[in-house]
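Per TrEMBL, these features apply:
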type     : residues  : note
DISULFID : C69-C79   : disulfide bond
DISULFID : C129-C193 : disulfide bond
DISULFID : C142-C203 : disulfide bond
DISULFID : C173-C183 : disulfide bond
DOMAIN   : 1-99      : domain 'SRCR'
DOMAIN   : 104-204   : domain 'SRCR'
Amino acid sequence: VRLVGGSRCSGRLEILHNQTWMSVCDAAFDQQDAEVVCRELDCGAPVQVLGAAAFGKGDAQMWTQEIQCRGNESQIHFCPTSPQEHNCSREYSVGLVCADRVNVRLVGGDSLCAGRVEVYHRGQWETVCDFGWDLVDAAVVCRELDCGEPVDALGDAHFGPGSGPIWTNHVLCFGSELNLKNCGSVESNDYDCDHYKDAAVICS
């Protein structure tokens, strides 16, 4: 699922179906469906569901089946659809505005710009493993938080161990990414990750 023509958390809704991106008919989409899309994109709660191609018509084919999410699904693909079809043209593509939210935070340091790195993912805060964690990765976090330059990239739970899930055990940033979630990651099974290996950052 993606939002096109707006910002990271707003735009015309498109769903990938059989390798083709499709716009969604506004009559087939409601607030509960919006809850699921915003959650899947890690964008906080839905603010507005907009009809009548508010973010442009696009040139995608139209998804015409009714989407019937309960609202608690983690991805739109888990929602049932009904066979009821809406006769719908691109003038009626649905758009969505979710509450854009901060996706990374630093916890346990003495300022907002130092601490254990935590990433907001699918409704909860998760830690990052220190395997391969370096100043390039730290630079992306500091930039995302508007905290200046990286001073140190730390491991071994320098600011104390976190709790809950670990987002990824090996982040791979090039350093030019606008946020940590745009970085690649590798799940490496030969490095045993636990919260005593949580990554941390000190920014300038």
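Please read every residue number as a count from 1 along the shown chain.
Backbone N, Cα and C define each Cβ position, glycine as well.
Automated prediction, rather than curation, is the source of TrEMBL annotations.
Fewest other C-beta atoms within 10 angstroms, among the disulfide-bonded residues C79, C129, C142, C173, C203, are seen around C79. Secondary structure counts, DSSP: the domain 'SRCR' (104-204) has 16 helix, 36 strand, 49 coil.
For the pair C79 (disulfide bond) and C193 (disulfide bond), the C-alpha distance works out to 33 angstrom.
The two recorded residues C203 (disulfide bond) and C69 (disulfide bond) have their Cα atoms spaced 41 Å from each other. Counting only same-chain residues six or more apart in sequence, the Cβ atoms lying under 8 angstroms from the Cβ of C183 (disulfide bond) belong to D137, V140, V171, L172, C173, F174, E177. For the domain 'SRCR' (104-204), the model's pLDDT averages out at 88. C193 (disulfide bond) and C142 (disulfide bond) are 23 Å apart (CA-CA, integer value).
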